[in-house]
Structures are given as structure tokens and as C-alpha cells.
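> Mind looking over this structure? Questions follow.
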Amino acid sequence: MAQHTPATSRAGTFGAILRVTSGNFLEQFDFFLFGFYATYIARTFFPAESEFASLMLTFAVFGSGFLMRPVGAIVLGAYIDRIGRRKGLMVTLAIMGCGTLLIALVPGYQTIGLAAPALVLLGRLLQGFSAGVELGGVSVYLSEIATPGNKGFYTSWQSASQQVAIVVAALIGYSLNITLGHDAISEWGWRIPFFIGCMIIPLIFVLRRSLQETEAFLQRKHRPDTREIFATIAKNWRIITAGTLLVAMTTTTFYFITVYTPTYGRTVLNLSARDSLIVTMLVGVSNFIWLPIGGAISDRIGRRAVLMGITLLALITTWPVMQWLTAAPDFTRMTLVLLWFSFFFGMYNGAMVAALTEVMPVYVRTVGFSLAFSLATAIFGGLTPAISTALVKLTGDKSSPGWWLMCAALCGLAATAMLFVRLSRGYIAAENKA
């Protein structure tokens with residue numbers, strides 16, 4: 001049977017990568033749409049006395065989905081580590097699809113009152129619950145089918161697939177801006193991309209049904225029960241904590257340059273919606289290019305060199321470039337600054353994903369990776385739009401989101417030093433055998 005055949009043949013490698021990353025595409029497609037259409041969603045579901053209050057409520061609901069990620073990481077991650085990568089990834093896709101359908105179909109506040117924002121919140125919670133293990137499950141799968149010496153390159157396609165989703169979503173949004181008027185988009189047009197997302201769910205189910213189990217999982221003789229999984233996670237809390245800080249840099253930068261960029265460009269820098277979409281498309285293409293490069297370079301010179309080099313560069317340059325952007329904001333400056341941040345994200349994340357799979361205990365690799373990633377996304381990435389909006393409002397400084405990006409870079413630098421010191425001293429290897 002297909003599900004018991006190890007996914008190791010060269011001929012099937014590309015197909016395996018495509019099938020396993022298809023769910024990543026859907027997840028990021030929906031998340032980007034929520035960020036880009038935040039102002040329209042705010043008016044539809046969260047009417048308030050001021051645009052700022054309405055937008056903050058929307059971003060709070062957006063962030064709530066990330067708070068469910070750690071729960072999904074633990075529950076679904078333990079399930080995947082116990083029963084297999086293939087079956088677990090099918091379950092996450094089903095839950096994600098339910099959340100997507102709910103957001104696309106729920107009527108507005110004017111039609112059903114408080115039930116509208118409540119249902120949107122439920123949809124985001126379902127998406128967050130499934131997404132809590134989606135990245136981890138995909139990353140672990142890719143790391144386990146990778147050929148020797150190419151783990152960084154293979155795992156980089158987890159994030160690269162998300163960039164395709166960003167470009168596709170931005171292209172759809174750009175097309176709608178050209179063909180529909182502002183009023184039409186505000187009233188009903190913003191739902192069209194969400195319906196498109198619903199339409200591709202059956203295709204992704206077909207792709208994932210033919211996914212083969214990894215040889216590494218099939219060869220495991222021991223299948224830990226839930227108690228063993230939780231005990232191992234508790235024993236390795238230091239690795240989980242360091243992993244969370246390691247992910248902070250990538251998740252904060254990513255959600256700033258993709259999800260928050262359209263809102264930042266329109267409401268803070270006063271650029272047009274079309275300009276913001278074009279910049280976002282360019283960022284998606286740039287991310288797609290730099291991610292596999294970062295992963296491949298880390299395979300050659302080591303994860304630590306890439307991670308520390310990029311975090312130091314981010315700490316040195318983030319504030320000056322944000323000041324330069326906001327001094328005279330225009331399309332060219334915004335493009336250059338975000339492409340610079342895209343370089344940070346792609347290179348760092350390309351190395352980081354492989355590093356995180358390598359330091360996690362083998363029997364809880366999915367739940368450990370997913371928990372660290374989910375905590376970082378909930379604390380840092382998911383709250384980036386709300387924190388950035390609040391910083392600009394409270395300080396009156398349009399470049400103030402740069403401080404948040406620098407904070408995340410500092411976390412990444414500290415985590416890299418912490419993990420690789422422990423790795424060099426043999427602590428992590430010993431813990432992984434426990």
C-alpha cells in the first residue's frame with residue numbers, strides 16, 4: 001500500500017515535496033488574505049467608533065489564531081509522532097479547511113450581529129489549531145526524506161511553498177483592485193479570494209492522499225504513547241525554550257514583510273493599495289529565491305554561521321533603514337527596505353528550520369518542533385501586526401516597528417549561541433538519546 005512505502009526514491013522526491021507542502025500553501029494563502037483585507041474585514045465584522053479601534057479588534061482576532069497554535073502543536077504533534085506523518089497531515093488539512101470555509105461564508109455584523117465576529121473568531125481558532133502542527137509536520141517530513149548533506153535545502157521548501165501562496169494571493173488581490181471598484185471590494189469583493197481558497201482544498205486532499213510515509217518513521221521500533229511524549233517534552237524544556245527564541249527572528253520578520261506590509265503601506269505610509277500589493281508580490285518572489293539559498297549555504301558552511309551572521313546584520317541595519325524609509329516614504333524606498341528584510345528572512349529561515357529539526361529529540365521531533373515554532377509565532381509573529389500598529393499609534397514614530405524587529409533579532413542571536421554551545425558540549429545529543 002502507498003502509505004507504507006518509504007518516500008526515498010529520487011524519482012518521487014519532487015512529487016513528495018509538492019504533496020507535503022501543498023497544505024502550507026493553503027495555510028499561508030488564508031493568513032495573508034486576512035492581513036491584506038484587514039481593513040475590509042474590520043468594517044464587516046468589527047464596526048467600532050474609530051478605524052484604529054476596528055483595526056485593532058481585527059488584528060486581535062488574527063492574533064488569537066496564533067494563541068491556539070501551541071495547543072495544536074501539543075495535541076496534533078503528539079498524534080503525528082505516534083501514528084505517522086502522512087495520516088497526521090491529512091487531519092490537519094481537514095481542520096484547516098473547516099476554518100477557511102467558515103471565514104469565507106459567515107455573514108457580516110449588520111446581518112447576524114455579534115454572531116458574525118464570534119464565528120470569524122472560531123474560524124481563526126480552527127486555522128490556528130491546525131497550523132500549530134502544519135509547519136512542524138511538513139518540516140520533519142522533509143528532513144526525514146532529505147538526502148545526506150542536503151537537509152537545509154530540503155527543509156527550506158517548507159517556507160518556499162508559502163511564498164508561492166503569497167504571490168498568488170497578491171496577484172488575485174491586484175486583479176480585484178483593477179476590475180472592481182473600492183466600494184465593491186469593501187462590501188463583498190474581499191471574500192472572492194477566500195472562496196478561491198475553499199475551491200483548492202479538494203485538490204490538496206487528493207495530493208496528500210498519495211503521500212508516502214517516511215522511511216525514518218517506518219523504521220522506528222518504538223511508538224511513544226502520550227504520557228511518554230509529554231514527559232520527554234518536559235525533560236527537554238530548555239531546548240523548546242531556545243527553539244522558541246530561535247524562531248522569533250524568522251516569524252516576526254515574515255509577518256511584518258507579508259501580512260502587515262499592505263496595512264502599513266496604506267495606513268501609515270499613505271501608499272496606494274496597488275503599490276502595497278506590488279511590493280508584497282516582489283517580497284514573495286524574493287523570499288522564494290533566498291530560502292533555498294540559505295538552506296543550501298547552511299549545508300555547506302554550517303547552520304550557526306548563517307544564523308549568527310544574519311541576526312547581527314539585522315541588529316545593525318534595521319533601525320537605519322526604517323528611518324530612511326519613513327523620512328520620505330514612496331514605492332521605491334518601501335520596495336528596497338522590504339527586499340532587504342526579505343534577504344534576512346530567507347537566509348535565516350533557510351538555515352533555522354533544519355537546525356530546529358536537528359536539535360529536537362527524535363521521538364518527539366514533530367511535537368517539539370511544532371511547539372517551539374507555535375510559541376514563537378504566538379508571542380512574536382502573530383502579534384506583529386497589532387504591536388506594530390500600537391507602536392506607531394503610541395509613539396507617533398512611523399519607524400517604531402523597527403524596534404520590534406530588532407528585539408526578535410536579538411532573541412535569535414541569543415538562541416543560536418545557547419543551542420550551539422549545548423550542541424558542541426554534547427548536551428543535546430545526550431538528551432536526544434534519553
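The backbone N, Cα and C atoms fix where each Cβ goes, glycine too.
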> Sharing a topological domain in Swiss-Prot means sharing a membrane side, so do A234 and F331 qualify?
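According to Swiss-Prot, which assigns topological domains, A234 and F331 fall on opposite sides of the membrane.
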> Near the transmembrane segment (55-75), which same-chain residues lie under 8 Å Cβ to Cβ, leaving out any that are not at least 6 residues past its ends?
34-35, 38-39, 41-42, 45-46, 48, 92, 117, 120-121, 124-125, 127-133, 136, 230, 233, 259, 263, 267, 367, 370-371, 373-375, 377-378, 381-383, 385-386, 389-390
> Count the CB pairs under 8 A between the transmembrane segment (239-259) and each of 22-42, 305-325, 401-421, then give me the winner.
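It is 401-421 that shares the most Cβ pairs under 8 Å with the transmembrane segment (239-259).
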> Would you say the transmembrane segment (22-42) and the transmembrane segment (336-356) are in contact under the rule of three or more C-beta pairs closer than 8 Å, pairs 6 or more apart in sequence?
no
> Same chain, outside the transmembrane segment (22-42) by at least 6, Cβ under 8 Å from its Cβ: which residues?
48, 51, 54-55, 57-59, 62, 89, 92-93, 96-97, 99-100, 103, 120, 124, 127, 130-131, 134-135, 138, 158-159, 161-166, 168-170, 173, 185-186, 190, 193-194, 197, 200-201, 203-204, 207-208, 255, 258-260, 262-263, 266-267, 277, 280, 385
> Based on DSSP, tally up the residues of the topological domain 'Cytoplasmic' (357-366) by helix, strand and coil.
8 helix, 0 strand, 2 coil
